[in-house]
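Novice: One structure is given below, represented as structure tokens, and several questions about it will come after.
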Amino acid sequence: MSQTTTAPVADLFDRRDKVVMGTYGRPAVTLTRGEGTRVWDADGNEYVDLLAGIAVSVLGHGHPAIGAAVAAQVSRLCHTSNLYVNEPQVLLAERLVALLGTDARIFFGNSGAEANECAIKISRKTGRKEIIATDGSFHGRTMGALSITGQPGKRTPFEPLLPGARFVPYGDVAALKEAISERTAAVFLEPTLGEAGVIPPPPDYLAAARALCDETGALLVLDEIQSGIGRTGAWFAHQHEGVLPDVVTLAKGLAGGLPIGACIGIGAAGSLLGPGEHGSTFGGGPVVCAAALAVLDTIESEGLLASATRVGARLAAGIQAAADAGVPGIAGVQGTGLWLGIELSTTTPGAFEAAARTAGFLVNGIAPDRVRLAPPLVLTEADADAFLAALPGIAAAARQAA
Ligand SMILES: *Cc1c(COP(=O)(O)O)cnc(C)c1O
């Protein structure tokens, strides 16, 4: 299990800063290996991974099912392009369509942003040009996806962006009703705001959005890039609501750590893009599709949807109990399944994240008053209990540091 480190760890940070663009800020840790729900840094420190590389590593680290699928496919046939049919892509598409439980067609890309770019192009094929999205949303960093991302700070430096994007407050049915019209090509919604800190909408928001889209003929696009693939304890978050969108976008958890994006057009929306109207050299390649099939198989065979529901509820109940007991700095918790936003008071997310790391847990201080947990779906009750036991100490250390 030993890993070769080619340089002293401190050097690696400085060397990175010289040759990697400074778009991310300076990470605090260099990770060198992982196993299950644990990762290790270059100094040999062990962490319980409560973030999974931003809701990606759904089977945890080093799961043998992914390793075996990838190893077999990479040596059998690594790349085909979409000039040729590859079986893993067909199998994956069939599988995802079956999980959705309705007629659908899929375009595969390589990232979440690309999945949303495809959805934006689908919306243009309605003949309408206006897109409604929500304040606080995140749909990606490419120019199209950025145009519909409801965070002005991320958009402004890159204007002019796509014309026709409008933003309404998240969760506000009246505002959506006011904004939507026969000019609206699509409404893009996250089932719960992810990058804003795991903030769910009021109940029935998605159903109300569905009804408004039906009345005006706009497409309902659900960005399930973060919420999909078991994160909330269902295959897709919208299945909790009984709402069927026109388009679903997926990415993060789908291939368990390999890069993939999927734009799923349901019913007629699956046929709006025709020959020559979209494409990707790497998208839907046999290796990532084999990995994704292994992920879906394993979620099923290991009962990970039920597990995410059970362990997530335990984690949320424990955090809420800490808040109710008056643990200083912890105000509450929101979210579903293994996708939680801890609401902070009297401490900063950065201080909380650092204190958690010191205590041996990777979490994500994401918004001014929120910390995100999006652990692997294989998280055990023992892992959850370990974090809950450490929580008061983490909160206390964070308050001291903040
Ligand atoms: C992460 C994310 C994206 C962008 O995905 P990338 O793979 O980083 O391009 C889009 N939408 C949501 C909801 C996300 O969480």
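For all residues, glycine too, the Cβ spot is worked out from N, Cα and C.
Not my notes, these are from TrEMBL:
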- Gly112, Ala113, Phe138, Asp223, Glu224, Ile225, Gln226, Thr281: pyridoxal 5'-phosphate binding site (BINDING)
- Arg141, Ser280: N(2)-acetyl-L-ornithine binding site (BINDING)
- Lys252: N6-(pyridoxal phosphate)lysine (MOD_RES)
Novice: Helix, strand or coil by DSSP: which one applies to Gly112 (pyridoxal 5'-phosphate binding site)?
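Specialist: Where Gly112 (pyridoxal 5'-phosphate binding site) sits, the three-state DSSP reduction gives helix.
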Novice: By a 10 A CB contact count over all chains shown, which of the binding-site residues listed here is most packed: Gln226, Ser280, Thr281?
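Specialist: Highest number of other Cβ atoms within 10 Å: Gln226.
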Novice: Which of Arg141, Lys252 has the fewest nearby Cβ atoms, counting only those within 10 Å, among these recorded positions?
Specialist: Arg141
Novice: From Glu224, Gln226, Ser280, Thr281, which binding-site residues have a C-beta atom under 6 Å away from some atom of ligand 1?
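Specialist: From Glu224, Gln226, Ser280, Thr281, counting a Cβ under 6 Å from ligand 1 as near, the near ones are Gln226.
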Novice: For the binding-site residues listed here, Asp223, Glu224, which shows the highest count of neighbouring CB atoms within 10 A?
Specialist: Glu224
Novice: What whole-number Å value do you get for the CA-CA distance of Ala113 (pyridoxal 5'-phosphate binding site) and Ser280 (N(2)-acetyl-L-ornithine binding site)?
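Specialist: Distance between the two Cα atoms comes out at 13 Å.
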Novice: How big is the Cα-to-Cα gap, in Å, between Gln226 (pyridoxal 5'-phosphate binding site) and Lys252 (N6-(pyridoxal phosphate)lysine)?
Specialist: 6
Novice: Compute the C-alpha separation of Arg141 (N(2)-acetyl-L-ornithine binding site) from Ile225 (pyridoxal 5'-phosphate binding site), stating it in Å without decimals.
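Specialist: Spelling it out, the Cα of Arg141 (N(2)-acetyl-L-ornithine binding site) and the Cα of Ile225 (pyridoxal 5'-phosphate binding site) are 13 Å apart.
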Novice: Around the Cβ of Ala113 (pyridoxal 5'-phosphate binding site), how many other Cβ atoms lie within 10 Å? Please give the count over every shown protein chain.
Specialist: 23
Novice: Measuring Cα to Cα, how many Å separate Gly112 (pyridoxal 5'-phosphate binding site) from the residue listed as 'N6-(pyridoxal phosphate)lysine'?
Specialist: 7
Novice: Please report the number of other Cβ atoms within 10 Å of the Cβ of Phe138 (pyridoxal 5'-phosphate binding site).
Specialist: 24
Novice: Same-chain residues six or more away whose CB lies under 8 A from the CB of Ile225 (pyridoxal 5'-phosphate binding site)?
Specialist: Gly112, Ala115, Asn116, Gly140, Gly194, Thr249, Leu250, Ala251, Lys252, Gly261
Novice: With pyridoxal 5'-phosphate as the bound species and Gly112, Ala113, Phe138, Asp223, Glu224, Ile225, Gln226, Thr281 as its recorded binding residues, calculate the greatest Cα-Cα distance and give it in Å as a whole number.
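Specialist: The span, Cα to Cα at its widest, is 25 Å.
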